[in-house]
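K.L.:
Below are the structure tokens for one structure; questions will follow.
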């Protein structure tokens, strides 16, 4: 039996494509293992899948000067040593890395043990973890056609992103039941990423009073970000109302098995522009408004992802620097009004679910 180690972590976008590969790999008879951080979101997502999970230490490789870099050097070394021990014990035939800093020590150790490692880059521009791993990998898969120019020729394949097939099996009725919604108004689904977005959370809650007459709002706000009491102005002088479990507004910290049903229910999705999420929206043909993470808070990958999708007509984009209550309301309404145009553009897309293409690459290099 061929053995494969999957790795990737830090955010859900580095994990869910690996989950999408599991049925195909199992059908081919692979024995599957997963390497991730001890307390990362990857452990929360992978352990219910019933495959062995092996935690290793992982330091963050920062692009800027920080005292934590000194500590994290030792974490990376510890992760590398533990990865070497794991490879000696498991003896995998191949490694597949979805990125995130936890993947680097494993890819480096695989090179030392002469085990082929394949990388996957979701974003339009390669991230730091994949840049550091690429010299030690045999091949890299990528999602955006534009990425080809940034990768070594002959060592890269355009596969798209593996998308979980379960996302396409959502039921509107179950989504409506989860939210306590009626079928009388369209639904806007707000996704701030697996960790949530304080900025988006604040603005959407302040926009509720104007949005609720037209829309029902399902808000995935991130761990620890549920707001039990939301104060809204009510008619009359010096009076204030509280929105708690008001019909037409539902809050969730994080969703997993429920997500397909919420996506099926949504008429419009407002989201960050992480690559995995936006390719999921493309696969589902969901009209969407993207609010990419600002260049000030990131390397700018989400901005480029969003620009690519907007250029192809798949998405509307609202830059975080331009995000206000008024601009959010206007853009949600415009996205809803233009939903058929967005769907038509997505229907014309040639990008497909990357499961089969990625598995073909894995089979090509497995030893």
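Keep in mind that glycine also has a Cβ here, set from the backbone N, Cα and C atoms.
These came from TrEMBL, pasted as-is:
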type: DOMAIN; residues: 4-137; note: domain 'Glycosyltransferase family 28 N-terminal'
type: BINDING; residues: 11, 12, 13, 164, 194, 302; note: UDP-N-acetyl-alpha-D-glucosamine binding site
type: DOMAIN; residues: 187-357; note: domain 'Glycosyl transferase family 28 C-terminal'
K.L.:
Mean pLDDT for the domain 'Glycosyltransferase family 28 N-terminal' (4-137), rounded to an integer?
P.N.:
93
K.L.:
With DSSP as the reference, give the number of residues of the domain 'Glycosyltransferase family 28 N-terminal' (4-137) in helix, strand and coil.
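P.N.:
Helix, strand and coil residues of the domain 'Glycosyltransferase family 28 N-terminal' (4-137) number 66 helix, 22 strand, 46 coil.
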K.L.:
Quick one, of the binding-site residues 11, 12, 13, 164, which Cβ has the fewest other Cβ within 10 Å?
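P.N.:
Candidates: the binding-site residues 11, 12, 13, 164. Fewest Cβ atoms within 10 Å: 11.
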